[in-house]
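Reading through the structure tokens given below for one structure.
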Amino acid sequence: MAYNRYFEDEKMENLDPNNIKRVLAYLKPYKYRVALSLFLMAMAAFADLLGPYLTKIAIDNYILAGDYRGLTIISLIFMGLLAVNGFAVRFRVLIMSKVGHQVVRNIRQDLFQHIQNLSFSYFDSIPAGKIIVRVMNNVNSLQNLLENGLINIITDTFRFLAILLIMLNLNLRLTLISITVMPILIFLIFLLKKKIRIGWRRVQKKRSNMNAYIHESLTGMKITQAFVREEKNSNIFKDLQNDYVSNWMKTVMMSHGIFPIVLLINTASVIIMYLVGIRDLNAGLVTIGTLVALLQYIWRLWQPIINISNFYNQVLVANSAAERIFDVLDTDPDIVDLPEAKVMPEIDGKVEFKNVSFSYEEDGEIILKDMNFEVQPGETIAFVGATGAGKSTIINLMTRFYDIDKGDILIDDIDIQGVKIASLRKQIGVMMQDTFIFSGSIADNIRYGNLEATREDIEEAAKMVYADSFIREMENGYDTEVNERGSRLSVGQRQLISFARTILSDPKILILDEATSSIDTQTEILIQKATQAVLKGRTSFVIAHRLSTIRNADRIMVLEAGEIIETGSHEELMARQGHYHDLYMAQYNRVI
Amino acid sequence: MRELKKLWIYVKKYKLFFFGGLFFIILNVIFSMIPGYLNRRIIDDVINGQQMELLFTFLVTYIAANFLRAAAIMIQRFFTESLSQNLLRDLKQDLYDHLQRLSFNFFNNNRTGELMSRMTGDMEAVRMLFADGMIQFTRAIFYIVFVMAVLIPESLKLSLVSLALSPLIGFFAYRLGVRIKPIFRQVRRQYSDLNSTVQENISGIRIVKAFHQQCYEMEKFDEENNNYFTKNYNAAKIWSKYFPIMEFLGGMSTVLLLFYGGRLVIEGEITLGIWMQFNSYLWMLIMPMRMIGHIVNMFSRTSASAERIFNILETEPEIKNKKKAVHIDRVKGEIEFKNVSLSYGDEDILKNVSFHAEPGETIAVMGATGSGKSSLINLIPRYYEPTDGQVLIDGIDNRDYDLRDLRSQVSIVMQDVFLFSETIASNIAYGQPGLDLEKIKRAADISSARNFIEEMESGFEEVIGERGMGLSGGQKQRVSIARAIVEESPILILDDATSAVDMETEHQIQQALEAMDQRSTLFLIAHRISSVRNADQILILDHGEIIERGTHEELIKNKGQYYTMFKEQYKEVIDEKEIEERWVK
Ligand SMILES: Nc1ncnc2c1ncn2[C@@H]1O[C@H](COP(=O)(O)OP(=O)(O)OP(=O)(O)O)[C@@H](O)[C@H]1O
Ligand SMILES: Nc1ncnc2c1ncn2[C@@H]1O[C@H](COP(=O)(O)OP(=O)(O)OP(=O)(O)O)[C@@H](O)[C@H]1O
Ligand SMILES: [Mg+2]
Ligand SMILES: [Mg+2]
């Protein structure tokens with residue numbers, strides 16, 4: 001499997017040039033509110049623009065005329081305008097913040113939901129830290145664009161067009177000549193854009209690398225401290241940071257370059273206006289009044305362009321974030337329901353492997369070779385075999401965590417590829433070899449197997465695996481809060497809790513992968529006795545290295561390098577004097 | 001504000017960037033005023049006044065000013081970006097290094113996602129302050145100072161009038177700060193909760209899918225996600241209340257000037273010219289007044305985040321070196337527990353445990369789940385400290401040793417295996433980066449890992465996934481055994497290190513360990529009799545107390561708990577009579 005490591009940049013397979021459009025599509029449900037904001041924005045802009053005009057009237061009509069009353073009135077009008085502006089701003093900010101945060105929330109929700117459905121192989125290959133960064137940081141990067149950027153770009157475009165129109169109206173020739181430099185600007189920005197875009201993409205990757213490293217460092221902190229490796233890690237982190245900072249600086253300086261470019265082009269445009277305007281003035285082609293007006297407007301004309309170029313930078317940043325979001329959203333899960341998938345009927349418990357071959361990666365090492373076996377409803381099957389023989393792999397296939405390469409897996413004679421995954425997994429209870437405890441109360445952790453379970457059910461399940469007594473001894477009993485991965489529990493206790501969780505799910509097929517490997521043998525025997533009742537009547541698979549754990553199984557299958565080499569009950573296998581017998585006797589000989 | 005003071009320590013290291021940044025921000029402001037001034041002069045003198053000869057000078061100045069401004073902008077950006085990036089890097093590095101010093105308990109009690117959010121989201125808020133906030137702030141201050149310098153000499157009265165509303169603006173800005181800071185704190189806390197939820201979901205995704213609880217997970221997530229939205233919206237609500245007020249008051253300065261200044265002109269106290277000049281500079285006053293809201297907002301946001309960062313930076317490690325720590329190269333490996341007790345809260349985990357191990361001895365620890373075995377051995381390398389009693393290594397209290405030295409003496413295979421997403425070779429050499437491959441291979445030999453590693457496509461250079469993804473349970477354990485063995489430390493601890501390994505392989509590992517020429521003091525936690533029977537001492541723990549101790553033979557003769565365990569584990573192959581004959585006699 002190609003594992004992506006913290007220092008390797010992610011490859012992105014689903015680069016969609018329409019990222020930003022797809023982000024904007026999320027605004028659709030809020031289009032009326034966006035429109036209202038635009039209206040408010042226009043109102044505010046209008047009130048804002050009217051200010052200088054009012055001042056002019058005040059000077060010309062009242063101050064020079066010495067008219068106190070007029071001055072008072074115009075001041076009051078001015079005040080009124082400011083109030084209007086204030087209200088418009090208030091509601092626009094309110095509406096757009098809400099919309100912006102809502103859209104961000106919705107995108108994050110979609111992303112998270114999609115991630116829930118991705119297959120194991122996806123999570124195998126990408127560090128968790130890199131997935132988290134997409135759900136959290138990258139989605140947040142869209143906030144500003146959604147809240148302010150879009151609205152501002154629209155209003156500034158309008159402002160630009162309005163001023164341009166007035167100018168064209170004033171003097172077509174001068175205006176056109178002075179904006180001839182505009183295409184140069186567009187061309188330069190176009191040139192830069194590509195570089196900046198690639199730059200941000202790289203920055204995002206570096207950030208993601210750093211995040212992955214932080215995440216792994218935090219989760220593996222105990223090992224790091226135990227092996228006194230702090231210094232080395234600190235240096236690795238330093239290198240990652242330097243890599244990030246240097247990429248950031250390169251890109252951010254390029255993007256800061258846009259504003260000076262706009263400024264210089266603006267200078268050219270104004271200079272042209274001066275030169276041509278004054279020549280025209282001397283030639284009598286233009287009146288003083290018009291020229292002065294034009295000169296004042298060209299000033300104003302550039303403000304929206306500067307704003308837009310600023311927001312354009314935001315768009316480029318948002319684009320690199322959006323790319324990463326849609327890259328995940330466009331990743332299809334490997335394991336999906338077929339279109340014609342049926343709901344798995346209530347499972348009776350017959351399980352059949354027919355010529356099953358499997359490897360974790362294409363053309364990779366073949367883990368299971370042509371495996372065949374049949375299990376009758378209600379049977380207890382044990383898998384034994386050396387580590388790495390493929391025991392856990394078998395159960396990964398039964399629950400369709402991975403799809404097989406060849407052959408069929410049938411449950412109750414139904415091919416599991418043809419049924420809805422949810423209906424299948426709901427009926428199979430797996431206790432995986434790696435236990436996982438969620439942060440939260442112990443009761444909640446057990447309840448995870450069946451959300452409808454009552455407190456009594458939970459306690460009963462705990463009693464069955466002899467977890468009840470230690471849970472009660474804790475300060476808040478079943479309501480004791482445990483931390484992530486159950487760090488305040490002993491490893492055996494964690495196993496018992498996830499065992500209880502699996503039992504609580506009351507599955508039709510029960511799979512226990514090393515469920516009691518960290519439990520002392522005496523407790524294990526007690527658990528075995530207690531769970532006998534649960535196992536009765538349902539097909540169950542038990543994987544264990546301790547032969548005492550599996551002795552009572554109806555059938556034991558001995559695995560070696562992905563093949564079943566022996567099958568039979570304990571007695572049969574002992575009588576056969578094969579591999580199992582040897583294993584068993586070796587134990588005996590070793591105690592003597 | 002207190003946070004800013006703490007940040008200042010980081011800023012100080014980059015004085016050039018900081019003051020250079022300030023300088024060029026101001027330069028930029030000055031250059032930015034020139035074109036407006038020239039424009040007016042051109043209109044007045046050249047166009048209206050027909051002094052054509054001036055045009056050339058004006059235009060050249062105009063071009064020069066804008067070129068200089070463009071340069072100033074780039075330099076200013078370079079300085080502020082350099083400042084913020086360097087400062088952030090240092091801060092992150094300090095936080096990272098500090099986290100590495102914090103004790104195991106800290107990590108037991110804090111969620112990974114929560115810590116991560118401080119390393120990422122909160123850092124971003126600090127960055128914003130120095131990359132953008134600084135520019136805005138300096139500009140605002142400079143404008144006010146500049147405008148006042150120009151206007152006060154012209155007319156004190158008018159200047160005061162145009163500043164009349166600033167105390168009010170200041171008041172609202174203060175109110176905004178006071179009200180929004182707690183909300184930002186909530187936003188940050190919620191962000192870290194959301195981050196934790198996502199982090200935990202992704203770490204546990206296999207369980208989520210196995211129990212098909214995606215819907216439940218979505219619910220949990222939605223709640224946090226929604227809360228995050230609400231908290232952000234709450235901040236926006238406050239912002240949307242204060243920001244327009246400040247905008248309004250800023251605008252009102254214009255009105256005041258218009259009204260009051262107009263009257264003064266009419267009354268002839270000042271000339272229209274002065275009044276016009278005031279008017280043309282007024283935007284420079286209004287701008288900072290409007291800016292103030294943004295700046296306060298940004299400051300509050302940053303200080304809420306900085307609080308969280310410094311919170312961790314100021315958490316003292318529970319376990320750290322004493323003043324005069326003992327440095328040591330290599331201990332002999334003699335270990336003594338003297339009346340050691342350990343409790344978490346009011347729960348007693350270990351009670352009065354005492355034992356003594358000679359260098360090179362093997363001590364096996366057995367006991368029921370939760371009896372305190374792991375807690376016991378965790379005291380040796382001082383991952384935790386005993387509540388009472390002493391742990392002596394070579395006769396010296398382990399709290400007196402330098403922590404790094406002490407931990408270098410101990411190699412451990414922890415009960416829950418953790419491997420890094422790295423090549424197998426670098427996983428094994430985790431404690432000794434760059435170790436030569438031969439040694440790695442030898443360690444892999446001892447832990448019976450070599451065969452399966454070499455069968456893999458790239459052998460020792462094979463990359464594995466996070467937490468050892470891609471290896472079977474037993475394979476992971478064997479790699480982590482190799483990782484401990486390669487250290488050749490005087491003290492080796494195997495905490496249930498072969499629980500996922502089959503008996504044959506376990507036996508091989510055990511034999512290889514025994515055959516090692518370099519004998520460490522070995523602590524062995526195991527549940528199978530076969531693993532512990534050759535130990536020099538076997539300790540049986542029960543609820544934190546040693547209830548039996550001795551060698552295999554002694555304990556069988558003793559007919560206590562160990563004897564019961566033995567009988568149970570071997571009842572199929574060996575009966576009581578045989579045991580009697582073999583060991584009791
Ligand atoms: N996700 C994976 N990707 C690639 N290879 C894998 C993956 N999981 C397991 N393997 C490989 O498949 C083989 C079988 O692994 P499996 O986990 O089934 O062994 P197992 O019999 O359960 O062993 P153990 O007793 O140690 O748990 C091993 O060689 C392992 O390296
Ligand atoms: N950080 C902690 N805070 C509170 N209690 C703890 C903490 N760590 C362990 N405990 C408790 O201490 C007791 C002993 O735990 P320990 O891990 O030492 O058991 P153990 O003997 O190693 O068990 P196992 O065989 O299951 O690994 C358990 O009851 C556990 O719940
Ligand atoms: Mg396995
Ligand atoms: Mg333990």
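Glycine residues also receive a Cβ, built from the backbone N, Cα and C atoms like all the rest.
The shown structure was predicted, so the numbers you read here are calculated from the model rather than taken from an experiment.
Summarising the annotation, TrEMBL assigns transmembrane segment to B:16-34 (among others). Within its own chain, the transmembrane segment (B:16-34) has Cβ neighbours under 8 Å at 61-62, 65-66, 68-69, 72-73, 75-76, 79-80, 82-83, 86, 134-135, 138-139, 142-143, 146, counting only residues six or more beyond its boundaries.
If you look up TrEMBL, you'll see B:19-301 marked as domain 'ABC transmembrane type-1'.
Annotated transmembrane segment per TrEMBL: B:54-75 (among others), in sequence order. Note on the transmembrane segment (B:54-75): residues 20, 24, 27-28, 31-32, 34-35, 38, 41-42, 45-46 of its chain, located 6 or more positions outside it, place their CB under 8 angstroms from a CB of the stretch.
Long-range Cβ contacts of the transmembrane segment (B:128-152) within its own chain (Cβ-Cβ under 8 Å, at least 6 residues beyond either end) map to 11, 21-22, 25-26, 29, 76, 80-81, 83-84, 87-88, 158-159, 162-163, 277-278, 281, 284-285, 287-288, 291-292, 294-295, 298-299, 301-302. Per TrEMBL, transmembrane segment is recorded for B:128-152 (among others).
Residues annotated as transmembrane segment in TrEMBL: B:158-178 (among others).
Look at TrEMBL and you will find B:242-261 (among others) tagged as transmembrane segment. For the transmembrane segment (B:242-261), the list of distant contacts is 158, 161-166, 168-169, 172-173, 175-176, 179-180, 270, 275, 278-279, 282, 285-286, 289-290, 292-293, 297: same-chain residues at least six beyond its ends, Cβ to Cβ under 8 Å.
Feature annotation from TrEMBL assigns domain 'ABC transporter' to B:335-568.
Note on the transmembrane segment (B:158-178): residues 148, 151-152, 238-239, 242-243, 245-246, 249-250, 252-253, 256-257, 260-261, 264, 270, 274-275, 278, 282, 285, 289, 292-293, 296-297, 299-300 of its chain, located 6 or more positions outside it, place their CB under 8 angstroms from a CB of the stretch.
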